[in-house]
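Undergrad: Checked TrEMBL, it gives:
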type    : residues               : note
BINDING : CYS261, CYS309, HIS310 : Zn(2+) binding site
Amino acid sequence: MALKYIPNDLPLQSLDHDPQQLMKSSLEHILKTTPPLPAYPDPAQLGGFIRGPTSIAFLFFRLATLYPDVQVADHALLHWAEQYLNADRGELALTTRVGISCEKLAHEALKACIGRDTSHVDAFLSNMPAIVGPWPDSAKDPFESEIWQGRAGTLYLLRLMRHHVPDSAALLEDPIAQVSQKILADSLDQDGGGWTFHKHKYVGAGHGDIGIVTQLALTTPALAPKLTPKLRALLNLQKDGNWPIAKEIDETRHPSLMQWCHGAPGFVFSLRAMRPYFPDLHDQIDAAINKAQEAIWELGLLRKEPSLCHGILGNAL
């Protein structure tokens, strides 16, 4: 069987062009091949921060905060963020997705961040009763806990608004606490047990425990002591620099993957971000990051299509 990765034995190379010029060229390519449209009537086009116009708007917005003076196609980056964001999407509604792939929540959160307007924060918060419940006794909780589709993604969006709309901090305090407590209550136990997603005990950043723990800790650092057993249990799962896809899984049928969603790259992002809040685990976290980075360097040049989530772009970061 062919290797899933390209052996990383080539000499280091330098870029042919200035990195900022390469960034501008890439953004111009996006504008040419996927220009902002006046309307997006097909729901299949809408995927929150994962795909579609809101994800492109988020890209331009994040880059605008880093490079406020850069222009592409004769306009500031924030202009293009607004062009993608303000297109007509029809009436958006919550589905069973409330994470970063939820178009309604991502769209409302980004409008709040770009406009720095608490009225848009209020619009986002109108969804909270549906997200945190309670529901009738006969109704099942319809939402997951991970970041892609679940409440950890809601938590990320709340934290995003708190950062970019600081006047909304008081408004967001109770919803953040409610979502966090709901996520904690949904874990398998209050010790080292994690969460399930479609009946699997995933551990990665995209659908699993490390992604959930990261959002809880970054949003509310005071939860770190309660999360320490869960993080320690995840660190202990590392093997040969990588992590399994899930706990209690047949690794002969489902071998580990080297990608942000289910492997070491996602763990490195999470551990680096959370490290300040877990001083008792610093040595173990540092050792895990070092082993993971060595594994990414060796196995991370994936042959499959480039992708931030499942491919070489996420590994490169």
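Backbone N, Cα and C atoms are what each Cβ position is placed from, and that goes for glycine too.
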Undergrad: Tell me the Cβ neighbour count for CYS261 (Zn(2+) binding site), meaning other Cβ atoms within 10 Å of its Cβ, over all protein chains shown.
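TA: Result for CYS261 (Zn(2+) binding site): 22 neighbouring Cβ atoms inside 10 Å.
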Undergrad: What other residues of the same chain, not counting CYS261, CYS309, HIS310, have a CB atom within 8 A of the CB centroid of the Zn(2+) site?
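TA: Output for this site, in sequence order: GLY206, GLN259, TRP260, HIS262, SER307, LEU308, GLY311, GLY314.
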Undergrad: With a 10 Å radius around each C-beta, find which of these binding-site residues (CYS309, HIS310) has the fewest other C-beta atoms nearby.
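TA: Output over binding-site residues CYS309, HIS310: least Cβ neighbours within 10 Å is CYS309.
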